[in-house]
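Notes for the one structure printed next.
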């Protein structure tokens with residue numbers, strides 16, 4: 001079949017199971033080949049081929065609503081809804097998004113980049129449906145990794161209480177990104193081994209219906225027998241107690257089982273949970289045999305060998321450098337512990353976990369719990385390193401404020417993927433953390449200019465005992481700078497001048513330092529002497545240096561790879577205002593007030609104007625007339 005010619009899923013209605021099985025194989029081959037060039041979330045999508053096809057055959061999208069959670073398992077859905085020709089642009093600038101995108105297709109009714117949101121969204125859609133009196137099916141498809149998120153459990157509780165008609169598909173592949181952890185995952189394991197429960201339950205109900213109505217005592221006894229047998233067969237029927245009709249577990253790669261259970265679910269009133277067992281990476285051996293999450297999402301790879309295609313890095317990854325330094329310091333201080341919300345591989349904590357298993361805590365997709373747990377450990381004298389992506393730190397905001405900062409707990413928050421992250425797009429860009437952290441009392445916030453300074457900042461953070469401290473660091477690799485042999489402690493709230501200058505000042509930090517230095521070098525050739533300051537402490541700022549700069553009256557340009565609204569530049573404007581320096585020319589460069597979509601970081605920086613050329617232009621515009629040739633008259 002020509003997969004690129006698919007316009008919508010209606011063609012599936014006429015296909016036999018044998019034809020669907022052939023289609024499954026074709027789709028897997030297409031995904032393996034296509035993603036070998038572009039990269040993407042291959043593991044999750046190879047696992048949901050049959051499930052996605054079965055859903056589109058059995059239901060009528062977009063009238064019936066599919067909510068994919070997490071959204072990276074929606075590639076087959078995209079293919080079946082007419083986007084095959086766009087797969088060569090997957091996750092590229094102006095190309096096909098790697099997550100559901102409402103502006104892409106009417107079949108994408110809910111956008112998910114962060115996990116555990118589908119059930120709440122589905123509850124909202126079901127409530128709206130019932131108010132309007134329409135009849136569509138609402139079908140959230142949630143991976144059991146996403147089910148460990150507290151938000152999903154809150155929604156399960158509410159859905160069961162409201163008894164809304166809904167079919168929840170639990171896509172249980174035993175993994176989220178890394179292997180799942182926690183009691184819920186263990187419970188699902190017990191359910192997998194108790195597949196006879198549904199059959200026994202149905203037989204019991206049939207027999208009980210045939211018992212003559214001889215009084216309440218016998219009926220009550222029968223109910224107790226049924227309940228006792230239920231708990232004997234399946235320890236803790238969690239979903240049924242919440243008010244769901246539980247179906248499964250069923251083989252997620254068997255069309256016979258999928259159709260039988262989907263048809264039963266459609267006829268059942270109230271919320272239904274269909275527990276589907278799938279194999280992550282099915283059909284591609286390197287992905288099938290992955291046990292730690294390497295093949296969850298990848299870059300390009302060689303199909304025949306499974307080797308990843310990537311240039312040899314000239315420097316270590318930022319995640320590896322930070323976690324490696326934490327691990328190094330943990331050898332000397334047994335109070336240091338590491339906490340991650342389901343990202344041990346991405347945060348490069350495998351080495352720490354292997355060396356210090358008793359001090360490593362992967363709490364699952366539970367950012368709020370991770371933050372508050374870190375506070376609890378800190379208040380008992382430990383030194384917790386909370387490794388968390390910038391985009392996921394958003395989910396723990398109240399815990400950072402209420403539990404960490406308000407209690408002045410000595411927690412080191414390692415904010416990974418700070419700044420633009422590229423291909424994962426607007427749900428994952430790490431651009432909001434400065435704005436939502438810099439105003440919180442007690443918190444220190446910093447970002448290094450390179451990996452050498454990064455190691456010193458990790459050392460500073462784990463030796464800081466005055467309260468919480470956070471370090472931002474970007475996705476990708478360092479610059480390959482020379483590393484100091486000895487770790488140092490950087491005085492809190494101090495900046496450094498990287499390049500002297502007497503005509504203007506650039507204040508920046510982190511990934512934009514290199515661009516600022518290059519711009520200053522070019523401006524020097526045009527007769528402008530521009531000072532470049534490494535404003536490595538975003539909070540507290542170096543007030544002594546800042547006051548001196550303001551007293552000089554020099555034009556100031558702030559640059560940050562973060563949102564301008566409430567960001568570092570706003571801090572400088574506020575400080576200048578507080579000192580009464582109303583006439584100092586100050587300009588700001590950063591992320592504009594909109595969500596930044598997917599694409600290479602280079603392309604995105606060009607689009608939003610965070611470039612060397614624009615830095616030079618902004619400096620020239622700040623200068624008074626006649627300071628620079630060609631400006632003024």
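Note: Cβ is positioned from N, Cα and C throughout, glycine not excepted.
As given in Swiss-Prot:
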type	residues	note
BINDING	72, 113, 114, 115, 145, 146, 173, 284, 367	thiamine diphosphate binding site
BINDING	144, 173	Mg(2+) binding site
TODO: Ten-angstrom check, please: count other Cβ atoms within 10 Å of the Cβ of residue 114 (thiamine diphosphate binding site), all chains counted.
DONE: 21
Task: For residue 173 (thiamine diphosphate binding site), the number of other Cβ atoms found within 10 Å of its own Cβ - done: 23
- [ ] Among all chains shown, work out which of the binding-site residues 72, 145, 367 has the most CB atoms within 10 A of its CB.
- [x] 145
